[in-house]
């Protein structure tokens, strides 16, 4: 019978090397095996090319059966929530992407309450995550919290509309807002830059909190630092979306064909589509971390405070009931004591009368 050889643990050849440097590789393998989850919300008026842009970003068709409503249907139309989930795999890395669309936003004549449905949806996802996180089985929690919101701004105005301001202020403490100027091919380069500056000025004027890209670390390479600088300078992103392949300069590109030429979707000289996609991919982890550490924690703290106040009120009510019961008990004891005293006086009075009557006889 052969003797089994013991497992060999070999000392690293490099002096002073323990092996901790391999830990990131372990995390990477585990993350790749598990896959990634990301939820993107798109909000904006109809006709701004939201669906086309999302399909262009992820090279997929998320809305194959969508029916475009007519003008008459839009008059009384209410905001709906449509969540579409698709599994995307690229070089062995899986991404579970959920895109939350909001058809009907801004379509009705009276848009005063049109964003309440959207806010309720965001809060519901926080509430669901809090419930799952507090449960017994926390191993397979699906994260449907909204990590980023692309807010589409019309290129045909002179800046932000009152509805834009009201909506962004209503959600800026709940989700990461990335402002996007839609249909940038309707603007000249000068008009585009002027509109960007106007929007940024109004965002600052109304104290709207949009998503700010983190600064590049000092140890990052110069190319990444330059990329981060260009991405920051491009906000709000002015984009063009198209799923059509056309021929330009002897090659097939996605773009739009006009009598005066071709607008290429993925040409950074024509629009900010590539910059927007680069921002989303390179900062996807940061968007999730800000959602977890800032927006979700704010919701969780407020939720626990409300729960704490409820418990506190219940305790106060219980204390009040006990005090009232104790006061009622004291009143009854005092009443019984008075009755006993009266009965004792009556008995003493009766005994004295009987004694006087006996002496008289």
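Start at 1 and count along the chain as shown; that gives each residue its number.
A Cβ is built for glycine as well, from the same backbone N, Cα and C atoms used for every other residue.
Since this is a predicted model, take the numbers as computed values, not measurements.
218 is the residue among 134, 218 that Swiss-Prot labels phosphoserine. As annotated in Swiss-Prot, phosphotyrosine applies, among 17, 105, 129, to 17. In Swiss-Prot, the region 'G3 motif' annotation falls on 101-104 of the listed ranges 101-104, 109-112, 113-116, 117-120. Counting Cβ pairs closer than 8 Å to the region 'G4 motif' (182-185), the top stretch among 44-51, 101-104, 260-270 is 44-51. Residue 190 (N6-acetyllysine) falls within a helix when secondary structure is assigned with DSSP. Between the candidate recorded positions, 156, 190, 218, the densest Cβ environment within 10 Å is the one around 156. Here the region 'Important for dimerization' (260-270) has long-range neighbours at 56, 185, 240-242, 246, 248, 253-254, meaning same-chain residues at least 6 beyond its ends whose C-beta is under 8 angstroms from one of its own. Cα separation, residue 190 (N6-acetyllysine) to residue 218 (phosphoserine), rounded: 34 Å.
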